[in-house]
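Copied over from Swiss-Prot, here are the features:
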BINDING   17-24, 85-89, 139-142  GTP binding site
DOMAIN    8-275  domain 'tr-type G'
Amino acid sequence: MTLQEEIKKRRTFAIISHPDAGKTTITEQLLKFGGAIREAGTVKARKTGNFAKSDWMDIEKERGISVTSSVMQFDYAGKRVNILDTPGHEDFSEDTYRTLMAVDAAVMVIDSAKGIEAQTKKLFQVVKRRGIPVFTFINKLDRDGREPLDLLSELEEILGIASVPMNWPIGMGKNFQGLYDFTHGRVEVYQPEDGKRFVEFDENGEVPASHPLTKNPFFTQALEDAELLLDAGNQFSEEEVVAGQLTPVFFGSALTSFGVETFLETFLEYAPEPHSHKTVDEEEIEPLNPDFSGFIFKIQANMDPRHRDRIAFVRIVSGEFERGMDVNLIRTGKKVKLSNVTQFMAESRENVENAVAGDIIGVYDTGTYQVGDTLTTGKLKKSFEPLPTFTPELFMRVQAKNVMKQKSFQKGIDQLVQEGAIQLYKSYTTGDIMLGAVGQLQFEVFKDRMEREYNSETIMTPMGTKTVRWIKEEDLDEKMSSSRNILARDRFDHPLFLFENEFAMRWFKDKYPDVELMEQFSV
């Protein structure tokens, strides 16, 4: 198979949703249909046959939430599928936003009883800004929920995107009978008594008159709704879907796996192949460019706690990866050898010899890489556009509970901060270590992982909310620091102030009008 044919097989997408909408469940069902698992909840590596969990971190298992992005791969219907399962909790939005830079499409999962919720709305806005195609799966049809027509209206009114249903529910909750699949000309029957999953339409495009469904009042209602939508609703347009202007909507129940395989088949038919990415000087790097290029969108420590390792996740943008190849690390200008490289099935992994544009690979990292790094070969010498960063608002002082374990404490901080889920600052005057986060859960996960993974108990003292502003090195003066504006350095050694509030920042500006305060550090 040629490089072009291999690249065209790739379908790389993320699943986004509000917590508890069923994101992890649908991920596991997709993996089941892809042959990667034998039952929901257990994920199997392709070569080893060992089973693992897609929510692999202990704290995720205990709380039932995803707080890291898992990358999983399988083959289905002639396509190579890469799924990125993103954190649903809002405190981990930074990790999710970066992950969305590495995909070509998004699947938005919505709880039929709750409709569009806060986190879904936030994530959709990111996807929309990037112009990523969105496919919608309305979940939990086996439970009582909102009217399907109301849910479609909400997509347009709240998210501002036109929608087109690809199938339609026949009843809901305890009356759920199946899906009227007008896209494929059939009815998908929920828990059929005769074991037949599909009722195919006859030559007139209808359910055969002799079939019991024709006398079912829920089916009659579904027919009326569908006819109304087909006449008055939006028409399906592959062009508009790929442009991110129209979302195809599928209904189903991830828990019972109903409607999921039909969704997968249709999604793979219309989801886009790998797309180009822009460099910092606006040059579009096409997937078929023969030179290898990629960017690191995530670094994850301790995917295997036995080895205390760290993996840098790379989205391949162009060309082909070959094991042992030398690449340029653009940030440092140095060459690095990519010899120990893996692909993933949750925390299971296997060595990879080759990968192409659209694939996600994991590079073992001993401290060489940073989130946002660009790797290239040949004539490609520019970095890709920077990944989004979030300025934290909540802060804590942190120290080791046992001073004798300072080494493991420092290693834990270094590795967890490297992942980018929490920010590190050091007081310029006292040397105190301070952590910044978008939300409280990040601190809880940090504390938990320090204990579990690094055997280092920590003392964390809340500092409340702060406003971060960077300054230029030449403006740095220790005398400016006070309890209301703490002078510190970030993990890259850039100077900054942590202001107690807006009033403290205004007071500082009045006193030091020549000092430029920056929301982001700029060289």
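In case you wondered, yes, glycine gets a Cβ from its N, Cα and C as well.
Note on the domain 'tr-type G' (8-275): mean pLDDT across this stretch is 85. Cβ neighbour count for Ser17 (GTP binding site): 24 (other Cβ atoms within 10 Å of its Cβ, all protein chains included). Just so you know, the Cβ of Lys23 (GTP binding site) picks up 26 other Cβ atoms within 10 Å once every protein chain is counted. Under DSSP, Lys23 (GTP binding site) is assigned to a helix (H, G or I) in the three-state scheme.
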